[in-house]
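Swiss-Prot has this to say about the protein:
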| type | residues | note |
| --- | --- | --- |
| BINDING | ALA93, ARG94, THR95, GLY96, SER97, GLY98, LYS99, THR100 | ATP binding site |
| COMPBIAS | 7-20 | compositional bias 'Low complexity' |
| COMPBIAS | 24-42 | compositional bias 'Basic and acidic residues' |
| COMPBIAS | 733-746 | compositional bias 'Basic residues' |
| COMPBIAS | 773-787 | compositional bias 'Basic and acidic residues' |
| COMPBIAS | 796-825 | compositional bias 'Basic and acidic residues' |
| COMPBIAS | 841-851 | compositional bias 'Basic residues' |
| DOMAIN | 80-253 | domain 'Helicase ATP-binding' |
| DOMAIN | 277-426 | domain 'Helicase C-terminal' |
| REGION | 1-49 | region 'Disordered' |
| REGION | 719-851 | region 'Disordered' |
| MOTIF | 49-77 | motif 'Q motif' |
| MOTIF | 201-204 | motif 'DEAD box' |
Amino acid sequence: MARLNPSKPSSRGGKPRSSSADAMAEHKPLPGRPKREGEGASKRKAKSGGFESMGLCEEVYRGVRHKGYRVPTPIQRKAMPLILAGHDIAAMARTGSGKTAAFLVPMIQRLRRHDAGAGIRALILSPTRDLATQTLKFAQQLGKFTDLKISLIVGGDSMESQFEELAENPDIIIATPGRLVHHLAEVEDLNLRTVEYVVFDEADSLFSLGLIQQLHDILHKLSDTRQTLLFSATLPQALADFAKAGLRDPQIVRLDLDKKISPDLKLAFFTLRQEEKLAALLYLVRERISSEEQTIIFVSTKHHVEFLNILFREEGLEPSLSYGAMDQEARNIHISKFRARKTMILIVTDVAARGLDIPLLDNVVNWDFPAKPKLFVHRVGRVARQGRSGTAYTFVTSEDMAYLLDLHLFLSKPLRPAPTEEELLKDMEGMNLKIDRALANGETVYGRFPQTIIDLVSDGIKEVINGCTDLIALEKPCTNAFHLYLKTRPMPSTESIRRVKDLPREGLHPIFRDVLGSDELSALAFSERLKSFRPKQTILEAEGEAARGSNQWLDVMKKKREVHEGIINLVHQKNNVDHEPKEELVENISNWERKDVCGNKRKLQSFRDEEYYISSVPQNQHLEAGLSVRANEGFVENRLDAAVLDLVDDETSGMQAQKTRYHWKKNKFVKLNSGDRVTATGKIKTESGAKLKPTKTGIYKKWQQKTHRSIDTGRKFGGFAEEGASTTGSHQRGNRKHTAVGRGRRYIPNADVPSEIRNPEQIQKSRQQKAMDIARMKNRSTKESKFQKFQKNNRRHDGPLKDGKFQKNRRPDGNGKNRRPDGNGKGRGKGKGNANGFGKGKGKMKGKGTR
């Protein structure tokens, strides 16, 4: 009796038994050995976490095993059961996390075999032709043991070859939006109503390339019964709105990597000036970060990426780089070098790093502080994975302190400044012990960069910049781009802006405690005291005391200062003690001080029992504000809004596109969504950047006449229209339920009649066209009236015509001037001549010429 081969798939995911004897063999124990208790259960339990438990058919499971998959990735484990159940999905996963197989395996499982009469049943939209080609190869490998036909529709290939592929009735189309819209405009018979499975791959990139309008056009041509899947690395606001409109009760699938910071990640915040960032970055890369550790550096614009790339190469460091406008081939080369550990530094922007999955990173450097807390978590979430430790270094300027407070309110982590140099000189061991305890408790300590180190490194950087013409040429573009970045990034909360003014002065960061000695600490303490020095006397008082003269106004100023200093100290004390009960502050104020501060008004006193007190502000207020959760919307909308993350573009054109733009049709400035384009020609933009008009060019008809073939996917028969999801089953229209008849077709009255209802844009365009026609007719009538008047004045002209116009004969009577072609002008020339101007000779002639 045959035993089950452990290497073969289980009975649930593999091929079913063909005979009853083989089916009974599973339940009979082996002869000579009793079956151990729980033996079969242990085998099923060992494979319960793999693809065997997903109920895949034999062909699909063999393709998965042939590809080399054994255990599903986290995104596959979460998304595939929901997709197989028929739900719409909005999933957020980085590149390299296995998301391609997460939607390809359920698609092949659903289609299984080729159906020539069903039309196009699956559609996958990719932002670039490279990604579409990669998806095609992946789908062919997974569907190796099926007879499904897959067609690739991307720009750069000939339309005729793609017509031939579409004429073979493919089951799956992998396309870029620009070329697909071109096919829909060219081929009338190409119908997407039969599509039942739609995937928007790298949806955030689709929107950033300006393909929003094309995606909406494609979405309107699909059936309402389709299953829509949306995979993205991040979720911009425009993409969230698209998901609300295009997905039906979507399930939000996201990994927990972006929701929290790893406990093994160390945070280091350095306060410095903007011009000191170069020196601080070079010091960190050379001295603090090991050469065996991989580091990713986030900057704001592509100009900073190019500047740092040249600077590092001048300093003997070879980095990799990536930004949004970079060529795809060059970007892949740089990323491959970094993944292969040929380079240890990667300089990127937020737009280029979106969806980038690089395992085993050691350090992250934030050159510019992220404007949103979720963006900070998105950056540093790449470090300290899989039990490894890592460090996130962040440069903080004075303008970024409010963002620092917003971040720690979002993370619910306490923030404290590093002890000053004076405090360290008084009790260095006690302060160091205090800081170590704070760091062990999860608190964040921020401090200054040593000024001596910055001054030393800055001198070398200036010499390098002055000796490199490329760096000199990039300085001004970097400055201008950074100013534009500051204008376009979101503002911090007003509460954090107000609290920044009351923050105490920070000292040297604890990471540099071993770098400086006691003498250098004393020098730094002295310089900090000079910075904070404020004279206690006005210039008049100082001059009066220097003159050693008695002046009654000096005594008045001293008394005034004594009174006002007490009041000022009380106000500062009141502002600093916000969380203490008000009655404690009232008890500490004497009668005369209370009179000076509050006047004769009675002080409002309150009593608060901390055990039973319920605050009107929730404890997770800042977390909810950071996630932008709206309570007045549904649960799905809240989950989508909580995942929204808009990124500031890394180049000037993208930053300007995020601001208001002048709309040529509305004749006013409008706010555009991310990735929208305003074009006056009505052209569509393909993934290669080419602009095409979405109108017929006659290519399809020429191909039909040449090959005598046609594309009949999604055929229509008179009033019958193919109804999307499946060839059998039922559909619902209004409140009445109908059963599908005859090969999945149902009768729809007037299905081919175009709609006569025009939208406001069409009405406005027709009015403008009508006004232009009227103006053109008026202009034409004015020209005709002038021409008729000219003909009337020149009736007796019998001379030659040139280009349909009368020749102006300036000398009809010899050398005389005559501006009328009939010879009735005055002649002032010498010699004899007739009225036709053919005479020669000498003499004077005055008078009117006659014919």
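Using N, Cα and C of the backbone, Cβ positions are placed for all residues, glycine too.
This view paints the features noted in Swiss-Prot onto the structure.
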| residue | record | Cβ contacts under 8 Å, 6 or more apart |
| --- | --- | --- |
| GLY98 | ATP binding site | PRO72, THR73, ILE75, GLN76 |
| LYS99 | ATP binding site | ILE75, GLN76, ALA79, ALA91, ALA93, ASP201, PHE231 |
| THR100 | ATP binding site | GLN134, THR135, PHE138, ASP201 |
Model confidence over the domain 'Helicase ATP-binding' (80-253), averaged pLDDT:
84
So if I draw a 10 Å sphere around the Cβ of SER97 (ATP binding site), how many other Cβ atoms end up inside it?
21
How does the motif 'DEAD box' (201-204) divide up by DSSP, counting helix, then strand, then coil residues?
2 helix, 0 strand, 2 coil
So how many of the residues in the domain 'Helicase C-terminal' (277-426) end up helix, strand or coil by DSSP?
65 helix, 29 strand, 56 coil
Tally of residues which DSSP labels helix, strand or coil - the motif 'Q motif' (49-77):
18 helix, 0 strand, 11 coil
If you draw a 10 Å sphere around the Cβ of ALA93 (ATP binding site), how many other Cβ atoms fall inside it, taking every protein chain shown into account?
25
DSSP-wise, what's the residue breakdown of the compositional bias 'Basic and acidic residues' (773-787) into helix, strand and coil?
15 helix, 0 strand, 0 coil
DSSP state at ALA93 (ATP binding site), helix/strand/coil:
coil
